[in-house]
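What TrEMBL says about this protein:
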- 8-128: domain 'MARVEL' (DOMAIN)
- 12-34: transmembrane segment (TRANSMEM)
- 40-60: transmembrane segment (TRANSMEM)
- 72-96: transmembrane segment (TRANSMEM)
- 102-124: transmembrane segment (TRANSMEM)
């Protein structure tokens, strides 16, 4: 039986993932409606799908069951790679601005960059390096 973390969507990290999902979807809709370059559309779809997969992973506590990968670190790498690609693509979309939809999609993409940076910073603060994990730690 899969356990659901009902508190995750109400947490700061969960709300940030939901915001990333919404902004990535709006970015996709803007790029698709304005018939922008296929690379713009594909990047927005990929970010939406990958963020959705990480959201479901944390929501269903699958990160605790699948221990073959350190999931928060994978999430940070995903966020930083998304930042790199979205900065390039969205600045190109804003500079080219063939249509209003492309311009709006570029602006929402830059908003998504800010959300990805915030998500990676919060995840990095949550990760403990060289410290014991769990609640069994004796504090002095």
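Placement of Cβ uses the backbone N, Cα and C atoms for every residue, glycine included.
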>> Can you work out the mean pLDDT of the predicted model over the domain 'MARVEL' (8-128)?
In response: 89
> Under the DSSP assignment, what numbers of helix, strand and coil residues are found in the domain 'MARVEL' (8-128)?
Replying inline: 101 helix, 0 strand, 20 coil
